[in-house]
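S.K.: The structure is given below, and queries will be raised subsequently.
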Amino acid sequence: MEDLDALLADLQITTPPRCPVLLTDSPEKPQPTETRPPPPPYDPKTAMSNKTSDHETFPVDKDHLYSTVQKYPLPSVSPALGGGLCELDRLLNELNATQFNITDEIMSQFPTRDPSEQKAEAQKEAEKRALSASSATLELDRLMASLSDFHKQNTVSQEVEAPGAYKGSEEVSRPGDTEDLSSPRSTACVPKDLEDAPTPKSFKVVSAPGHLEVKTNQVNSDEVTASRVPDSVSGSKVPEATSVPRSDLDSMLVKLQSGLKQQGIETYSKGLCESCQRPIAGQVVTALGHTWHPEHFVCAHCHTLIGTSNFFEKDGRPYCEKDYFMLYAPRCALCELPIVQNMVTALGCTWHPEHFCCKVCKKPIGEEGFHEKDGEQYCSDDYFRLFGAVCAGCTEAVKESYISALGGLWHPQCFVCHVCHTPFINGSFFEHEGLPLCETHYHSRRGSLCAGCEQPITGRCVTAMGKKFHPQHLNCTFCLRQLNKGTFREHDEKPYCQACYARLYG
């Protein structure tokens, strides 16, 4: 037994201290583990440099990798010396096997880096750079929109300590934003060939009612600060308030765009303003085939902003409704005011519909039409009553179709026989004493009707008893014989032959 203990002691002394430690899960006899120094603190810069390196590989030190292997408790050692030597050999074999198994297991968990994996990581880094570039582009759009609003300010207080060029990332803060310039921001990665260029600066534009502040974080040796705030807020005295020239803003914008292009960030303009002929960033108005800044799309006469209201075009220039109607709209001949909506054109003039009225009755003339006399408009009733012809039959005004006869004008329905009111079918009529008559009543008025048949007598006639008869219609009332020969007798205004009269009244 003492020999076994001595061999075990020699084994522990000869075993290298950097070999992996075998731990057991047995709670009865926990084995002491070797105390190692804590891992070094995490450094983001070191991690970033290791991450961006495409050719470096992580060194794998097998001696510093540890694993936990479940070790079952060994059986008790036989007191015999021969059995102790066998047990010692078994322990040595098991130790060597366990050491190789642990090493293989750890190496399988940490495979070596091949070039394909390194290439994939490089692509991920490029995508991150693109994302940062897109975020910088969004910030550029926000800054350019704020610069458009900045043009509308009349004056600002300006304090310049040293000249500097504006480059890098920008941010526009609206009222109510509480961002800090010291907070980390995502910016586009600078290529290696531009590392010697001046370090970009970031600045912040804060727009609020009565408060305009432009701050620049000093990264290089230059600093530009322009503010219009009280001295108690800004912490520095402003010598005097001066207006910012338009060229300063334009040059600042040009320098900003050139700096972004040098970093590989493309800036796209939305066109040139038709009024100022400068690039448009942010909101844009498209009208009349051109693009405009919203603050430059104004009325050509009164110079007020048109915005989303209606406008009119004249010779390629926009006008608001009020000025367009006052300048170019036709005017009413009565009230001499511009005609905005419906219009009546008559007698060489333009009129409001409610102002185009009859000269006599003052009623508006509608779709029924009007009549003109000496340059004045009249409704139909007043015109024909004053100046129109009168029907000879009904003494009413003749407005539409008429018949001219007997020296006058007649309504078609009024030109009929004066006695029986029968229309003249064939267009022929007879006139007696200035009146139109049919043939029957004409002969009746003249006494040329046959007393026997009551038809007009156009040929020979026989006069008897104060009446006229056709020769064949003068007959005896009793025997109906013709009385064209000889004499006849009369009784109660009826003719009789001699025989019938003697027989009846003799």
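For all residues, glycine too, the Cβ spot is worked out from N, Cα and C.
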S.K.: In Swiss-Prot, which of the ranges 101-124, 221-244 has the region 'Disordered' annotation?
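M.R.: Of 101-124, 221-244, Swiss-Prot gives region 'Disordered' for 221-244.
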S.K.: Under Swiss-Prot, which of the candidate ranges 87-99, 373-385, 451-463, 464-476 is annotated motif 'LD motif 2'?
M.R.: 87-99
S.K.: Quick test of your reading of Swiss-Prot: among 3-15, 276-288, 328-340, 406-418, where does it put motif 'LD motif 1'?
M.R.: 3-15
S.K.: Among the residue ranges 139-150, 295-306, I'd like the one that Swiss-Prot describes as motif 'LD motif 3'.
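M.R.: Comparing 139-150, 295-306 with Swiss-Prot, motif 'LD motif 3' matches 139-150.
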S.K.: Using DSSP, tally how many residues of the motif 'LD motif 4' (248-260) sit in helix, strand and coil.
M.R.: 13 helix, 0 strand, 0 coil
